[in-house]
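Following: one structure in structure tokens, then a few remarks.
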Amino acid sequence: MGWLRGIALLSLGVLLAGRVNCQHVKNNVPRLKLSYKEMLESNNIVNFNGLANSSSYHTFLLDEERSRLYVGAKDHIFSFNLVNIKEYQKIVWPVSHSRRDECKWAGKDILRECANFIKVLKTYNQTHLYACGTGAFHPMCTYIEVGSHPEDNIFRMEDSHFENGRGKSPYDPKLLTASLLVDGELYSGTAADFMGRDFAIFRTLGHHHPIRTEQHDSRWLNDPRFISAHLIPESDNPEDDKIYFFFRENAIDGEHTGKATHARIGQICKNDFGGHRSLVNKWTTFLKARLICSVPGPNGIDTHFDELQDVFLMNSKDPKNPIVYGVFTTSSNIFKGSAVCMYSMTDVRRVFLGPYAHRDGPNYQWVPYQGRVPYPRPGTCPSKTFGGFDSTKDLPDEVITFARSHPAMYNPVFPINSRPIMIKTDVDYQFTQIVVDRVDAEDGQYDVMFIGTDIGTVLKVVSIPKETWHELEEVLLEEMTVFREPTVISAMKISTKQQQLYIGSATGVSQLPLHRCDVYGKACAECCLARDPYCAWDGSSCSRYFPTAKRRTRRQDIRNGDPLTHCSDLQHHDNPSGQTLEEKIIYGVENSSTFLECSPKSQRAIVYWQFQKQNDDHKVEIKVDDRMIRTEQGLLLRSLQRRDSGIYFCHAVEHGFIQTLLKVTLEVIDTDHLEELLHKEEDADASKTKDATNSMTPSQKIWYRDFMQLINHPNLNTMDEFCEQVWKRDRKQRRQRPANAQVNTNKWKHLQENKKGRNRRTHEFERAPRSV
């Protein structure tokens, strides 16, 4: 009788589950979505959960040669092993008690501001790093010894050598900073005062006098937030090298109606030493241009993503022309969205060689400068390549004067293909970080993007060309939760040597591999449908793709993801997926409900169901109605009827490929037949269970009558009324029990409460079911 009781309870549980609305699968959802628990269980993540007295693991420095990841945090600098970040060394660098007290007396937060937050961490030479921190609103810098060779295993601070950090690190830990250390000189975009109002791009260290941008001139910098700094060669002559700063700032007056934020790219020459009579110890080659990342709209009205969040440079064969990837978000509080735009340095240089922005006319508006531009052109580095000047101090006065009053370019820099390569507007998160890896696949090279979000997830996205390489399709491969609690991802580094990704947040550091081919499945079709450039079918499993591997059994199709073409010769023609079909037999009771569970691994797959009657080869597609409800987890059948008996097939359609996931045989038992079976089994077991029956309570003896009434009343309102009658009857019976019986019942109830944590399945068939 146990199997019948199990059927009945299953039917009753589904009936009480209520209605579930079917949601259509969206095309822009991740193919695989892995929770933090799933990442841990599959051993695909390593976590450093931080120290009790530290936080803010935001400043990363990757050293592939030493196989170390250096991380600057609150009062600490860490040296993590790239293979396993659980192996690390640390340096404690707090502020003195007097500094902390001064910070507190200035009205700052003792925990969130009055500490030493590491903001600069750069390679100084072969043996030392250079580090700067906020120092409780007194910036300071020092040197970290790391040894000459990886095997030296040295990691210590030079306690006797501290420097003033003004112009290198911000005072306020909440402010962003961008820095670059080249040839012993530190280039920093930061705030240089206690109040956080004097923003500038500095060059410090080295043998030359410190140099900076013009002070208190909004045409140069207007309340900027610096993102990153990069050295990009201009030509084969090192004298032409330029430093590029990426930042966002408030739009200049007259540049935009109302208050707005603009993303910028700024340039300075590496050999700029300031002017002779004007712009002394100030940049003479500083220029800036706006970065556009927008979606073209109707009537010429574009949707702009102006809040630049992060930048990644993808190096190419030509070091002068890396591809610039930028992550942007919207400024609007109403419309929340993120985008990734891609820029070429050719377009950037074209803008810097274009017209300068100039204010003119009755409305004093910004227009392209139409007058004579002095020679050599402002913004050009002094070298033998573009002129005969040896130093910026030799430049004519008219060049310096023009550069001082015209730091901005009129034309903006548009992205490649004039639109973003990825947009997200229908989600509850925004992009914060990006790193990119260029991967060799069977049919070409692909850029795989790893995008961090403000809720602690990482998106793995590949850009795939459509008809041409200029039209790109973004395929969201995975969404991975990499921290236990939602948190903003504030730093990311990629190690192509270790094939690992490192992620930083306020709470800790996480490490995960760039590829997890086994998560896609154990069949050729599943591996092919994944369209992951890292992975290919090797004849027996979905594994890491290597260009040097044998091609005879290797299957990979990133551009089209067509398993029919690439997997049909490896398997039987009727089953090119190579996947074993799961088969089930389910029993249901007439007039009740049952649920056929079928959920594909891929979230991009669209599920549809087919029905086949017994002894009939004809299959018909199931149409959704009031009785047949399709959900993301399967098919809900309400008010079962005899004609519902048959075979149900669950199919998944993805990228034009149909895959059968499940075959379910449903047997519907009518209520009269079920009652007859129950009574027959009761009579057959009567002699064997006489003693047990005598010991049963009245509520247990009438269980079948209760159950049959429930089956015959599938309406939830009627069931509520019936349950109320059962509860009233039980209360009446308890009141009529003798006092000693009541005491024993209370003891038994107490024991039951003590055992609530035990697995209910263990005793499911050892007790009679409760009254509803």
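Using the three backbone atoms N, Cα and C, a Cβ is placed for every residue, glycine included.
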- Query: Which candidate, C293, C341, C381, does Swiss-Prot give as the disulfide partner of C269?
  - Reply: C381
- C535 forms a disulfide with which residue in Swiss-Prot, given the options C517, C524, C567? C517
- Between C114, C132, which residue forms the disulfide that Swiss-Prot gives for C103? C114
- Item | DSSP three-state assignment for C103 (disulfide bond) | helix
- With every protein chain in view, how many other Cβ atoms are within 10 Å of the Cβ of C517 (disulfide bond)? 20
- Task: Could you give me the DSSP helix, strand and coil counts for the domain 'Ig-like C2-type' (576-665)?
- Result: 3 helix, 47 strand, 40 coil
- Message: Around the C-beta of C114 (disulfide bond), how many further C-beta atoms are within 10 angstroms, looking at every protein chain?
- Response: 22
- In this predicted model, the domain 'Sema' (31-514) has a mean pLDDT of 94
- Which of the recorded positions N53, C132, C293, N591 has its Cα closest in space to the Cα of C114 (disulfide bond)? N53
- Item | Nearest of the recorded positions (N53, N125, C132, N591) to C341 (disulfide bond) - Cα to Cα | C132
- Candidate recorded positions N125, C132, C535, N591, pick with smallest Cα gap to C269 (disulfide bond): N125
- Item | Candidates C132, C141, C381: member of the disulfide-bonded residues with the richest Cβ shell (10 Å) | C132
